Structures are given as structure tokens and as C-alpha cells.
Amino acid sequence: MFTLKATGRNFVQSPKHSALCMTMADVEAESSTQPEAMEEENPLFSNLDLFLFTLIAGLIIYWFMSRKKAEPIPEFKKLDQPAPSTRETSFIEKMKKTGRNIVVFYGSQTGTGEEFANRLSKDAQRYGMKGMAADPEEYDMSELSRLAEIGNSLAIFCMATYGEGDPTDNAQDFYDWLQETDGELDGVNYTVFALGNKTYEHYNAMGAYVDKRLEELGAKRVFDLGMGDDDGNLEEDFVTWREQFWPAMCEHFGVEASGEDSSIRQYELKEHNDINMNKVYTGELGRLKSFETQKPPFDAKNPFLAPVTVNRKLNKAGDRHLMHLEVDITGSKIRYESGDHVAVYPTNDTAIVNRLGQILGVDLDSVISLNNLDEESNKKHPFPCPTTYRTALTHYLDIIHPPRTNVLYELAQYATDPKDQENMRKMASSAPEGKALYQSFVLEDNRNILAILEDLPSLRPPIDHLCELMPRLQARYYSIASSSKVHPNSIHICAVLVEYTTKTGRLTKGVATTWLKNKLVADNGHKSTVPMYIRKSQFRLPFKASNPVIMVGPGTGIAPFMGFIQERGWLKEQGKEVGETVLYCGCRHKKEDYLYQEELEEAEKMGVITKLNVAFSRDQEQKVYVQHLLRTNKEDLWRQIHTDNAHIYICGDARNMARDVQTAFYEIAEELGGMTRTQATDYIKKLMTKGRYSQDVWS
């Protein structure tokens, strides 16, 4: 950099500029000496000869180059065009081609909606019809109006609600289309089964919206909206709806049920006795060998293997294990913001996998593929194949959760004891006795598939059929406990180990938290890694840093607020005006499980946290929770909310804490805002609509 002192300006001289200056100087020097040189020498060619020679040579080169370029033009155009897609995006054409009249679309975040859709699609065969399960993300949903072209056709929608009444990721485009379209769906028959959880504010909002919107567009509802509540018994809700739905459909379409009760296999087993092991999946979610050669971008089908750099116990005492992990994302090009979720893919306990293999008498290292019998299906395998039984049971299948009724129904045929067979089929029915048996034997006793096999010794199904029926092992989501402004190459996780003894005396451990607990920083000289990706969230700090924030997060609900606090501290360091930062958190005992005590007290000391409010619920005779502290500070809270435009954030348990906290805010609005309960409820709902009351809760 050169400084021109006369003008006081800085001038950056680029190499290009320097070269240009030198060239011009050389030309000027040559020009000044040229006449003198010409006088001294007698040239071989005159200037005219040189000019003509140059012109002719230039024309020849131009002709040659233009002729060569002309030839490949069509070739280049061809290369610039995208390769034609081999994927069929018309579900109508596919249905016509394969003789189907029922399509079951699913909006699914954790796999349950997809599982229900597959069951309904499979059911159709028993009722003299032919169905297909379909992911709305894979098809052109504007073709829904064409469904009337197929006789006796029906569209079923299994729609889960995610977050604050939002569509699932795979149903987002369909939701957008429903909102924007003004097309007519006359002649389209439909029904909807909604999956949700009553503890959430917007219970089954997505299913209810799809049901209402399809009717508005002229489609005909042929069966009532089903409402599945995961806070109660989602499986029972679905079975009850399904058993009423199919007879109604038979009547509507004038068909008779086949009465076929035998199992209908969806996949056939192929054993690979001589296969190159480099072609066998070992836990990858998408591309083979993706765990060996990592390539961004990283997402649900291509997770990043993040090395664990920190794994420490957070609580000082007590019988629980609360943990803080840090994973390294250096070089991954992964970006995240405070409030986002990290999704991790856990694996099942090796001891459980081995025990299943032992009970079923199989070689878990056999290499197999399960191939879809329906060659037209987009889903060729239930999980990545070829693979081994061991890999499938470890990485791909959920063997810990109690099995759903359809699994028991399908496996019943393999029970050699007639009583076991009868009970398993009974549990899959909607009869009161069957529901009660399923509730007590499976749900209340928390029997997973291993426990069922151990307690029903007459039941020994083929392992391939068991693998076909087990649902997929899903990613687990954690609120990120760090800010990318402070930790751009690191993601922090806060979790509590899930571990309890069931009524049958079995010790049950949470799949993901047990797996995370065992992720040591260095394991036999190798770095432990966590397959992960980022799921974006709407749980965001206010755009204006000067807005106050009120954060309520007892227990591990404090996780996203650690990121918020780090970010507010970073903003203060940058000289930004930062509003009040108030935290309400809680734990059982101050001396046992006060999470992040040192970090929080330091943040308060530095003025990053304006006020730190901690509820130690069990340190006194009368239990004290965060909602009690909210009421204690009601005047400050009301000023912050009503006068200073504060943003409220709630994170943690949806069933009790989030409801109790919301009730506390209603009461504060009633008392200090002079409102009725109805007005206070509307007031808080308006804050939600404006994005000033956000929840990141789980049930």
C-alpha cells in the first residue's frame, strides 16, 4: 500500500495496474527511439509488407478458428442441458400403470406417519383394492385434481404436525401448494388421519388444515378426520379409526372385504453368500462408503461424522447423569444459529442386538437384502441393502420402543402356542379387551421386541420378517447449547441419561442418551464420532438486540439459552446495545444438579445476564418451580413484556412445565394488565403470532 501524502489518500496499486504502467512506459520509450533506429538500419521488409503479411495471417487464423468453433456448438448445448430425470413425478400415471386406486400420502418427521401410510396401503389389498404409499415431496401434488380420472379412487393423508403447528419437512411443499392453489378438486375422494400431541398448543393443526382445505377446493371427504394423540395412545387412536374406516370404504365403493387374514409380505429375502464386502452397507444412511469419504453438504441422508472433543458430567451428585458434549465441525462447512437443533443418529445397544440373534438362532453377520416385491415402488428396501442382520439391528431398526399392534398381528402366525397367537391378534384389534391387553402387556410393562420374545417362548419368527416389520431407528434432536458467534467450529449438547426399571424388572436405557454417554473423547486411540446434521429452527433471538429477552428453561431446557447468553455476550463485546437478558432456570438441588452454575454466575457477574433466577425445587419442604419465580417477579415481567417489547422463550417439558408457565403469564396479564382470562389468553396468543412468545418444547 502506498500513501499519497499530498492528498492524504491511500492508493492500492494492483499488480495488473503496475504491469499496465510498465507496458505503457516501454511503448513510450520505443516510440521516442524508433525514428533514430530506422535511420541507422535498412529493413528487410517495408512497413507495408509487414502490414499485409500480418493482415493475411490474421484472416487465415480467424477463418480457421471460426470454422473449428462452429462444429461443436450443438454438442455444447447438449451438455448444458440437465440430464433427464428417471424418477416418476406423476403419481397419477404411476397409479394407472400399476392398476392402483388408492394413494396414501404421508407427512412424517419421525417415521410414524410413514409407517401408518404403509399399513393403510397394505390394508387395501385385504379390502379388494390396491394402494400405494407416497411421499408428497417426491410427486407433483398439483396432479391431485386428476385423481378423478381413476375409477373408485381415494387419497388418504396421514399428516403429522411438527413444532408450532407446522408441516413436517417432507410436506412443506404440499402445504405451500395448498395455500397458494385455487385449482378445483371436484371428483376427488379423500380422508385424513392426523398425528399430533395434545400437550402442544397447535394440536393436529396440519391434519386439520389439510382436511379443511381439501374440502374448500371441492374435494369430497368420504370419512371423518382421525385425530391421533401421542400424549395418550396414538396406536390405539389409529387402530380404532382404521377399523371403522375400511368397512365404510367398502360400503362407499361397493366392494366386499376379501376376509384374507394371512400375512402379506412386502419384501423378499435375498441372501448374499459371495459378495464383495465393499458393496455392503455398514451403517450409512445414503451413499455407500459415505462415512469413509465425507463430502458436503451434510443433511439427513448424509450426516457428518463429528469428533467428540468434550464429554463431561454436569451434575456434582445425585442418582442421575446429566452430560455436556462438544462435537467438532471444523472443515464440514456446516453452519448453525443459536436456537437450531442438532440431529444425531444413535446406534442400539450391542448386548440387545446379540441377544436377539441368540434367541432367533441366526448368524447376525449374514449378508442379506430385503427387496420390495412391488417393483414399481420408489422404496426398494426397508433400509440400506445389502447389509448384515447385525448392521440392520444396530443402525437401522428401532428395537427398543414397544412394537405397534400391526407388528404383533403379523408375527402372531409364528407363535406355536394357540393362546399366544390369540392374544397377539387380540392386541391388534380395536376390541376393548384387546386394547386393555395391549396397554398393560406392551405399553405399561414397556416390553420391547426382545422382552416379548423372551416372555413368549413359543414365538420365534424368521429374522427377515422381523426386520421387515420393525420401524426405522430415527435421528434424535437436541437444542444446541452454544452460539456459532462464539463457537463457529463446535456444537454443544446438553442431555440427561434416560434409565429406569420396568414393571417386569428389566433395566431400560434410552437409546441415544446411553450412546452419547459412552462417546468418550478418545476411544482406544481413535476419536469417537457422532453422525449429525443441523435442523433449522424458528427459535431465534430478536432481530433488535436492544429488545429484552425472558428465557424460561428448567433442567436441560436451559440448553438453547446457553447459546443465547453466549450470543448476547458477544454482541455486548462488539459494542452493540443489548437489552435486558433475564433467565429463569431450575434444578432439584443446588449442590447436586445446578447445571452450568459457574458459567451462569460468571455471565451475571459480567452483566451479560441482567437477572438470574434459579428455582431449586427440592431444597425446601414446599417445591419451588420456575412458574413460582415468574409470579414473584410479576411487576418486572409485565414492564418488560408490555412496555419494553420483551421476547419470551420457553424450553423444556410440554406436558406440565410449558402449560404452567403459560398459565403464570395469563395470571400476570390479568392482574397487572386489568384483563379477563379470555383477554389475557388472547394477549399471549398475539405475542405468539408476532413471534414474541416462542416455545421449544418436547413431550
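For all residues, glycine too, the Cβ spot is worked out from N, Cα and C.
Lifted from TrEMBL, the feature list:
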type     : residues                                                                     : note
BINDING  : 108-113, 160-163, 195-204, D230                                              : FMN binding site
BINDING  : R320, T556, S617, R618, K623, V624, Y625, V626, Q627, D660                   : NADP(+) binding site
BINDING  : R476, Y477, Y478, S479, C494, A495, V496, Y500, G510, V511, A512, T513, W698 : FAD binding site
DOMAIN   : 102-246                                                                      : domain 'Flavodoxin-like'
DOMAIN   : 301-542                                                                      : domain 'FAD-binding FR-type'
TRANSMEM : 44-65                                                                        : transmembrane segment
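Same-chain residues at least 6 positions away in sequence with a Cβ under 8 Å from that of Y625 (NADP(+) binding site) are, in sequence order, P554, G586, A615, S617, M657, D660.
Across the structure, R476 (FAD binding site) and G163 (FMN binding site) place their CA atoms 15 angstrom apart. Taking the C-alpha atom of G163 (FMN binding site) as reference, the shortest distance to any of the binding-site residues R320, C494, A512, K623, W698 belongs to W698. Shown for the domain 'Flavodoxin-like' (102-246): DSSP residue counts in helix, strand and coil, namely 64 helix, 35 strand, 46 coil. For R320 (NADP(+) binding site) paired with Y200 (FMN binding site), the C-alpha to C-alpha distance reads 27 Å. A distance of 26 Å separates the Cα atom of Y203 (FMN binding site) from that of A512 (FAD binding site). For Y200 (FMN binding site), the nearest of the binding-site residues Y478, G510, K623, W698 in terms of C-alpha separation is W698. Averaged across the domain 'Flavodoxin-like' (102-246), pLDDT for the predicted model comes to 94.
Maximum C-alpha to C-alpha distance over the listed NADP(+)-binding residues R320, T556, S617, R618, K623, V624, Y625, V626, Q627, D660 is 24 Å. With a 10 A radius on its CB, G510 (FAD binding site) counts 18 other CB atoms from all the protein chains. Note on proximity: of the binding-site residues C494, V496, W698, the one nearest S108 (FMN binding site) is W698, by Cα distance. Distances between the Cα of W698 (FAD binding site) and those of the binding-site residues G111, A160, N197, Q627 are shortest for N197.
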